[in-house]
Amino acid sequence: MLALRPHIYITKSLITRSVTSKCKLDEIIRVDHAGELGADMIYAGQMAVLGSTSKGPTIKHMWDQEKGHRAKFEELVKKYRVRPTVMTPVWNVAGFVLGAGTALLGDKAAMACTVAVETVVIDHYNDQLRTLMEDPEGNKELLETITKFRDEEQEHHDCGIDHGAEQAPFYNALTELIKMGSKGAIAISKII
C-alpha cells in the first residue's frame, strides 16, 4: 500500500501540470489571436486614411505582415480548440477607430500609434516566450511562431521611429494612452 502512494502523487501532479499547461496555452493563443485581429484593424484604419499618401506602401507592408499573423493565430485557434475572446467585435471596431483616428492626426501620429502598440506587443511576446521556454520541445510551434512575429513587430516599431513617430504632436501623452489601452485589452482578453 505504501508503494502506491508515490505513484498516485506523481499521477496527480502530472494531471495538474497538464491542465495548467493547457489553460496557459489557451490563454496565450486567445490573447495573441485577439491582438493580431486588433493590429489588422489598426492598419486597416491607417490605410483608409493614409493609403494613397507616400506612407501608404510602408503601412501596407506592415499590414500584410499583420494579416499573416492573424491567419496563423486563426489556424492555431482551430488546431488547439481555443475559445476566442468574446471581445472580438469590440477590438475590431476599437482597432479601426484607433488606426484611422491617429492617421487623421497625421502620418507621424499614425506612426506613434504603431510604436506604442508594438512596444506593448513586443514586451507581451517576450513574457510569453519566457513561459513557453519551460517546455521548449512541447511548445516548439508556438515558440517559433511567437519569436518570428515578435521580430516582425520589432521591425514595425523601428519603422515607426524611422518615419517620424517621435515628432508627432504630444508624442509622449499619445503613446502612453495607447500603451495603457493596449495593456488593458491584453488583460481583458486573457479572461473573457
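Every residue gets a Cβ built from N, Cα and C, even glycine.
Annotation comment: TrEMBL describes Glu36, Glu66, His69, Glu153 as Fe cation 1 binding site. Among the features that TrEMBL reports, Fe cation 2 binding site is placed at Glu66, Glu118, Glu153, His156.
Proximity to Glu118 (Fe cation 2 binding site), judged by a C-alpha distance within 10 Å, picks out Glu153 from the binding-site residues Glu36, Glu66, His69, Glu153.
Neighbour list (Glu66 (Fe cation 1 binding site), Cβ cut-off 8 Å, at least 6 residues apart, same chain): Glu36, Ala39, Asp40, Tyr43. Here the CA atom of His69 (Fe cation 1 binding site) lies 13 Å from the CA atom of His156 (Fe cation 2 binding site).
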